[in-house]
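**Q** Have a look at this one before I ask anything.
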Amino acid sequence: MSENQPSALITIFGATGDLANRKLFPSIYHLFKKDRLNPKFAVVGTARRELSTEEFHNQVKESILDHVGPEEELDEFISHFYYISLDVANTDEFSKLKSLIDQLDEHYHIGGNRIFYLAMAPQFFETIAESLYKKNLKSAFGFNRLIIEKPFGHDFASAKELNDHIRQAFDEEEIYRIDHYLGKEMVQNIEVIRFANAIFEPLWNNRFISNIQVTSSETLGVEDRGRYYEGSGALRDMVQNHMLQMVALLAMEPPIRLNTHEIRSEKVKVLRALRPITGNEIAKSFIRGQYDAGVSKEKAVIAYREEDHVDPNSNTETFVAGKLMIDNFRWAGVPFYIRTGKRLTEKSTKIVVQFKDIPMNLYLKTEETLNPNLLVIHIQPEEGITLHLNAKKAGQFMDATPIKLNFSNKSTDGMNTPEAYEKLLYDCLRGDATNFAHWDEVALSWTYIDPIAKAWEETKEPSFPNYQSGSMGPKKAIELLDKDGFHWWPVTDLDVENC
Ligand code: NAP
């Protein structure tokens with residue numbers, strides 16, 4: 001078996017759902033097209049509804065036609081797909097799944113390598129893991145890997161309970177907790193930019209960096225996920241996982257080796273160094289918002305409280321801004337500001353590293369200030385890096401003017417980078433867990449978030465709704481930086497395309 005083309009039998013729980021259709025089938029197809037999938041592979045889809053093999057094949061075909069485009073080789077690819085109707089709440093039904101995957105394993109000479117992808121609501125994670133174990137679906141001779149979607153728990157206690165249950169069936173090394181941000185090209189690039197360039201690492205500390213800003217903004221509202229979102233909110237949905245993962249990558253020490261264990265352990269150290277936010281500090285360091293009606297992308301849109309399945313008096317936040325402090329030698333005194341929210345001005349995920357001002361301004365009038373140097377990492381939708389510098393204004397005099405050095409991922413290879421899910425599936429196939437969250441990371445993130453989530457649940461926010469759809473969030477989020485003498489760098493001005 002080639003290390004880069006591992007054979008495997010992939011079982012997808014929730015194969016009729018949105019995630020499977022929008023992300024998983026197209027990702028598996030891309031791997032197939034790129035010869036990253038060993039021809040000895042099979043995919044078994046399961047869900048409750050009854051589907052014939054032909055109906056399932058049509059569903060997979062449609063998913064690929066919709067999300068990839070017209071393709072020629074679909075028949076060969078689709079012939080590897082099988083479907084079995086199964087209610088995961090009933091452990092006995094796993095026996096029929098076992099006989100199907102045992103047969104397919106033999107038929108395709110897969111060698112016992114199994115991936116179980118839980119693309120289902122989190123309340124089923126425990127029972128599926130337990131039934132897989134009890135009914136002997138784990139193979140005795142190949143690898144067994146369990147991929148779990150977010151959310152991993154609702155707080156530390158529930159995440160621990162879930163983890164304890166799953167660990168009775170799967171070892172930590174067999175568990176792949178998805179954080180799809182970790183599969184994004186430019187999130188992975190943070191590490192390379194930092195550790196492969198001599199010019200950044202010496203400056204990457206509190207002597208030269210004044211603050212770091214991480215923004216992940218969406219223009220969409222809650223859409224049809226009102227029921228889920230009401231029980232979650234932006235803090236749990238975005239901050240506990242994606243935002244803290246980006247902070248950890250930005251702040252970690254260089255690992256001694258680029259392997260899963262070393263990288264994860266450096267990220268864990270950052271999460272351990274996060275200054276806990278409790279009591280009165282919560283209101284000083286974290287701001288919550290909820291969108292009101294407004295105009296988004298030139299269309300009038302309704303308030304969060306008017307969305308389907310949302311309480312008309314909802315206390316759920318659709319926006320979070322926070323100031324995080326990392327208490328270690330490298331970062332003492334440097335605020336990491338994060339903000340994320342729905343119905344904001346632009347869809348954009350960006351990191352802005354703001355360097356400290358030079359000690360003296362020689363080039364502008366005394367009342368003017370030179371622009372600080374910024375390193376901007378564009379995560380999505382554009383992918384790239386911009387370095388903001390000052391240079392001489394063309395002409396007679398020695399005046400300074402801001403300039404930007406720009407790298408756009410799209411313009412170099414002329415194509416979009418692979419979807420996060422495609423990369424993560426391939427990582428899992430190869431047994432590389434680096435870009436999945438280890439339990440220690442999940443546990444520390446919940447420990448950090450829990451006091452804030454609890455305080456927000458217990459106190460109703462009287463100002464909700466407190467930001468207009470189409471804006472960049474509540475006024476208090478601006479004041480959060482104002483009082484430290486900083487401001488949010490606008491997401492639009494920093495676009496790669498505009499540079
Ligand atoms: P979904 O569209 O609601 O799909 C749920 C799937 O579970 C369906 O295939 C459903 O099929 C099946 N199902 C429900 N109850 C079942 C049962 N008792 N036994 C067997 N199958 C059952 O959900 P989704 O959007 O795909 O999300 C799946 C997971 O991914 C969730 O944890 C979600 O938080 C996470 N996630 C999703 C996205 C996304 O883009 N959709 C993004 C990030 C994370 P039947 O009704 O036929 O049983």
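One-based numbering along the chain as shown.
Including glycine, each Cβ sits where the backbone N, Cα and C put it.
So TrEMBL says this about it:
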DOMAIN    12-189  domain 'Glucose-6-phosphate dehydrogenase NAD-binding'
BINDING   Arg48, Asp87, Val88, Lys150  NADP(+) binding site
BINDING   His180, Lys184, Glu218, Asp237, Lys342, Lys347  substrate binding site
DOMAIN    192-489  domain 'Glucose-6-phosphate dehydrogenase C-terminal'
ACT_SITE  His242  active site, proton acceptor
**Q** Out of Arg48, Lys150, which of the binding-site residues is least crowded by other Cβ atoms within 10 Å?
**A** Arg48
**Q** Given a separation of at least six residues and a C-beta threshold under 8 Å, show me what packs close to Asp87 (NADP(+) binding site) in the same chain.
**A** Arg48, Glu93
**Q** Cβ under 6 Å from ligand 1: which of the binding-site residues Arg48, Lys150, Lys347 qualify?
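**A** Correct list: Arg48, Lys150.
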**Q** How many whole Å apart are the CA atoms of His242 (active site, proton acceptor) and Glu218 (substrate binding site)?
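**A** Approximately 14 Å lies between the Cα of His242 (active site, proton acceptor) and that of Glu218 (substrate binding site).
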**Q** Looking at Cβ-Cβ distances, which residues of the chain lie under 8 angstroms from His180 (substrate binding site) while being 6 or more apart from it?
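**A** For His180 (substrate binding site), the qualifying residues are Ala420, Tyr421, Leu424.
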**Q** What mean pLDDT score does the domain 'Glucose-6-phosphate dehydrogenase C-terminal' (192-489) have in the model?
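**A** Across the residues of the domain 'Glucose-6-phosphate dehydrogenase C-terminal' (192-489) the model's pLDDT averages 94 on the 0 to 100 scale.
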**Q** To the nearest whole angstrom, what is the C-alpha distance linking Lys150 (NADP(+) binding site) and Asp237 (substrate binding site)?
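**A** Between the alpha carbons of Lys150 (NADP(+) binding site) and Asp237 (substrate binding site) there are 9 Å.
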**Q** Quick one: what's DSSP say for Arg48 (NADP(+) binding site), helix, strand or coil?
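**A** Reduced to three states, the DSSP call for Arg48 (NADP(+) binding site) is coil.
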